[in-house]
Every structure is written in C-alpha cells, then in structure tokens.
Amino acid sequence: MNFTIDGIRPTYEFDGSCKGTVPQAVVAFLEGNDFEDTIRNAISIGGDSDTLAAIAGSIAEPFFGIPRDIGDEALSYLDIKLLKLFCEFEKTFILPKKIK
C-alpha cells in the first residue's frame, strides 16, 4: 500500500467495495498508536466510515486490546439477552484479552 491516511483523506469518497475499504482500514490500523487511535484514523477518512472503523477495529483489537472504558461503554448498550450471548461467545471462542 502506497498511501497514508493524510494523503487520501482530502479525496476519499464512499466506496463499498473491498478494494476501496480494506486497504484503507489496514492503513488506519498501521498508522494507529492504540485501539482508539486506529478507530479515529478510520473514521477521519470519511466515506464509508462505519465499515472502515469496523474493519480497522477488528485488526486493532487483537493487537492492542480494547481499553476497559471503551469496552465497558460498548457493553452497556446491550440488553441482557445480547449481553449473555456475548459472554457465552467470548467464553467459547475468544482467547483472554489484554486489558488496559
């Protein structure tokens, strides 16, 4: 990949294709200093920012971990049924996380 976030930000437009989102999300991660910085990089690109942030965040999470305050805030939006499902999924499939 031969571009930077700062280099594409001024001209990037919505692009729902894989080639128009995945490389940009990877660069958002590569230029990030931590989980939150990665998400902010992805959102700042513009265009399909929720998809970019979802992809970049899924790369950043196993590398940086999710800060406790961000994780707790996200979980607070789940109803009890979804929270139980999330906990079961984590117990079954997810390795222990880095807690910051």
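Backbone N, Cα and C atoms are what each Cβ position is placed from, and that goes for glycine too.
Heads up, TrEMBL stuff is auto-annotated, nobody curated it.
Under the DSSP three-state reduction, Thr51 (Mg(2+) binding site) is assigned to helix. The Mg(2+) binding site annotation in TrEMBL covers Asp48, Asp50, Thr51.
The binding-site residues under consideration are Asp48, Asp50. Their Cβ neighbour counts within 10 Å are lowest for Asp50. The Cβ of Thr51 (Mg(2+) binding site) lies under 8 Å from the Cβ of Gly16, Thr21, Ala25, each of which sits 6+ residues away along the same chain.
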